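Novice: Just passing along the structure, written as structure tokens.
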Amino acid sequence: MITAPRLSQPNEDARPTAGRAVRALALPLAVLQLATIAAEIIVSFAFKPRYDWVTNTISELGVGGCTTEFDPRHGVEACSPLAGVMNGAMILSGICLILLAIVLRRSDGFGGLAGVLWAVAGAGSIATGLVSLDTSPVLHQIVSMPLFFGGPLAIAIGAFQFTGGPRVVGATLGCIALALGVVFSTTDWVYGFGGIIERLVIWPALAWVVFVAARARNHAAPSR
């Protein structure tokens, strides 16, 4: 008796391909999205006067030319000669986040709504790099909101796709970052501490992405 060949199901074909993509791309993309932190460090050395990591915001590093308009130290003319590096890093980081949202769409921490929020945060990072603070302060603030709130929300929601310690740490981290983001964006309570508060919102999100990507890569490793 001749039997018809068994047709593979789409999901069976997709899983090995998705696993290979996670193993090959997840961690490199996660590391590349840290470009914003590296750029902050590099660009801050060229910033005049001396960059204050507590007071000066990330956005000020992306302001081209010299101006007294944005530096919280009233009347101080601030110059960021390497503004293009900072803005370019924001764009690169955003592209990496969007690609990660695609690659890790079946992985814990990036599944469902969490993955959508990471993609939204990535789009916000790209827009923030394209619309610098000196281009339009109001528009810059608007386009940066998806990055500012998308990341913390993605952490908090995605944390419940884990169990044990990662769930507790992620949920706590996301909620704290989200609360700080609300305070930073809607009040003057942190005036003079804008730089450090802003980083407490954004940096944990970037670090969490590396953790999730590394974990997903390990879980996607072929069994021996």
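Keep in mind that glycine also has a Cβ here, set from the backbone N, Cα and C atoms.
Worth saying up front: this structure is predicted, and the values here are computed from it rather than measured.
Pulled the feature table from TrEMBL, pasting it below:
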TRANSMEM  21-47  transmembrane segment
TRANSMEM  82-103  transmembrane segment
TRANSMEM  110-132  transmembrane segment
TRANSMEM  138-160  transmembrane segment
TRANSMEM  167-184  transmembrane segment
TRANSMEM  190-214  transmembrane segment
Novice: Same chain only, please: residues at least 6 beyond the ends of the transmembrane segment (21-47) with a C-beta under 8 Å from a C-beta of the stretch. Say none if there are none.
Specialist: 53, 56, 58, 60-61, 78-83, 85-86, 88-90, 92-93, 96-97, 99-100, 103-104, 107, 125, 202-203, 206, 209-210, 212-214, 216-217, 220-221
Novice: Would you mind listing the long-range same-chain contacts of the transmembrane segment (190-214), meaning Cβ under 8 Å and 6+ residues beyond its ends?
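Specialist: Same-chain residues near the transmembrane segment (190-214) but 6 or more away: 26-27, 29-31, 33-34, 36-37, 52-58, 72, 93, 97, 100, 104, 107-110, 118, 121, 147-148, 151-152, 154-155, 158, 166, 170, 173, 176-177, 180-181, 183-184.
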Novice: Which bits of the chain, at least 6 residues beyond where the transmembrane segment (138-160) starts or stops, bring a Cβ under 8 A of a Cβ in it?
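Specialist: The answer is 59, 94, 108-111, 113-115, 117-118, 120-125, 127-128, 130-132, 166-171, 173-175, 177-178, 181, 184-185, 201-202, 204-206, 208, 212.
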Novice: Cβ under 8 Å, sequence separation of at least 6 from the ends of the transmembrane segment (110-132): give me the contacting residues as numbers and ranges.
Specialist: 36, 59, 62-64, 83, 86-91, 93-98, 100-102, 104, 139-140, 143-148, 150-151, 153-154, 157-158, 161, 205, 209, 212, 216
